[in-house]
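**Q** Attaching a single structure in structure tokens format; questions to follow.
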Amino acid sequence: MRKYALNEITLMQFIFIIHGVQVGAGIISLPRELAGKAGTDGWMSFIITWVINVLVSLVIIQVFKRFPDDTAYDLLKRLFGKWLSLIFSIPLALYYIFCAWLVLIESIQYIKAWFLPQSPDYIVFLLFSIPTFMLARNGLRVVGRYSELIFYMTVWMPAILLLVLNDCHWIHFLPFLKEGIMPVFKGVGTTVFFTVGFETTFLLYPFLKNKQKAVLGIVVANSLTILAYLLVTIICFAFFSPDEITGYNQPLLSLLKVIQFRFLVRFDLIFLAIFLFMLSSTWIPYMFFAAFGVSQLLRKQDHSPYVMVLIVVFLLMVFFIHPSWNQTNEWQKWLNYYAIGIVFLLPIMLWASIQVYVRVRKGDAH
């Protein structure tokens with residue numbers, strides 16, 4: 001019996017966990033940041049980003065094909081031994097912890113800014129922590145079912161943006177490549193970090209029931225994410241003028257204020273409330289991965305106690321720090337630098353190490 005057989009996930013759950021992790025709070029502010037870097041040609045950066053993400057994802061899958069029942073922690077231990085592997089395992093676990101923390105804090109700040117401005121941030125965190133604990137403690141299969149449910153519940157949301165098409169000005173995009181190709185490449189530096197999440201394959205692959213379809217799953221997940229970001233970005237670029245969009249911190253929410261129905265006021269608030277469910281499909285998987293990483297480092301089979309430990313630690317941090325938007329933005333910059341090592345360098349290092357490992361084993365056999 002395989003090590004993780006009791007927590008196997010289907011291909012659809014595999015896709016929706018990765019997609020849910022990738023589409024986080026960044027989609028609200030990305031059009032502004034991308035416009036500042038690449039102007040209205042920034043939408044082209046997503047094409048290059050999709051290629052990069054898929055290629056790195058395929059490298060990760062190739063790494064784990066040789067040892068399909070290993071997570072990243074198991075594989076590192078196999079390649080480098082019990083103690084040397086900690087050099088890589090600890091930063092990997094810290095990465096998932098940092099991601100869970102950051103997405104939770106961003107979600108709390110949106111709640112406080114738009115719905116509960118007078119409520120203490122630690123109270124809002126407590127409200128989030130209850131469903132987080134109930135889902136993350138029960139394993140990846142439950143998290144996968146939740147991610148799949150949230151996708152089906154929210155798949156209609158991007159289509160709402162099509163209601164503003166009559167107010168869009170497509171001339172904003174002309175001429176294409178107005179400042180050359182370099183701004184597009186600069187935009188890739190922004191879009192790549194907003195679409196990370198495929199690195200969760202480090203831990204998802206051994207749980208996948210039908211591993212032969214892992215390549216299909218990772219391509220579909222990345223494609224869904226890029227399409228969502230691309231739709232939001234193009235609509236925002238067409239609706240706001242090139243100079244105007246950089247003046248909005250959250251252009252997507254500003255755009256939603258224009259959408260009105262006779263029977264409904266402040267649709268933007270309703271949209272944001274539902275969008276929080278999408279955000280939960282980002283922080284809850286990350287919370288599971290964080291707790292799973294801690295349990296692996298401590299060589300424990302049950303990750304559930306560490307979900308509670310992380311929640312308590314996060315609660316204390318919120319209570320004493322009271323994170324601000326500026327602090328969150330600063331932490332996001334640190335995470336982007338951190339992600340370069342985890343998301344892009346670690347897969348290449350693992351692939352190279354496996355080539356050496358296999359050749360050494362073959363040499364010993366002869």
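Heads up, the Cβ atoms here are built off N, Cα and C, so glycines get one too.
Note: TrEMBL annotation is automatic and uncurated.
Sharing the record's features from TrEMBL:
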type: TRANSMEM; residues: 12-31; note: transmembrane segment
type: TRANSMEM; residues: 43-64; note: transmembrane segment
type: TRANSMEM; residues: 84-110; note: transmembrane segment
type: TRANSMEM; residues: 122-140; note: transmembrane segment
type: TRANSMEM; residues: 149-172; note: transmembrane segment
type: TRANSMEM; residues: 184-208; note: transmembrane segment
type: TRANSMEM; residues: 215-240; note: transmembrane segment
type: TRANSMEM; residues: 269-294; note: transmembrane segment
type: TRANSMEM; residues: 306-325; note: transmembrane segment
type: TRANSMEM; residues: 337-358; note: transmembrane segment
**Q** Counting a contact as 3 or more Cβ pairs under 8 Å, with residues at least 6 apart in sequence, do the transmembrane segment (122-140) and the transmembrane segment (43-64) touch?
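**A** Since fewer than 3 Cβ pairs under 8 Å link them, the transmembrane segment (122-140) and the transmembrane segment (43-64) do not come into contact.
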**Q** Of the listed stretches 12-31, 84-110, 149-172, 184-208, 215-240, which one has the most C-beta pairs under 8 A with the transmembrane segment (306-325)?
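**A** Between the candidates 12-31, 84-110, 149-172, 184-208, 215-240, the best contact partner of the transmembrane segment (306-325) is 84-110.
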**Q** Please work out which recorded stretch in 12-31, 149-172, 184-208 has the most C-beta pairs separated by under 8 angstroms from the transmembrane segment (215-240)?
**A** 12-31
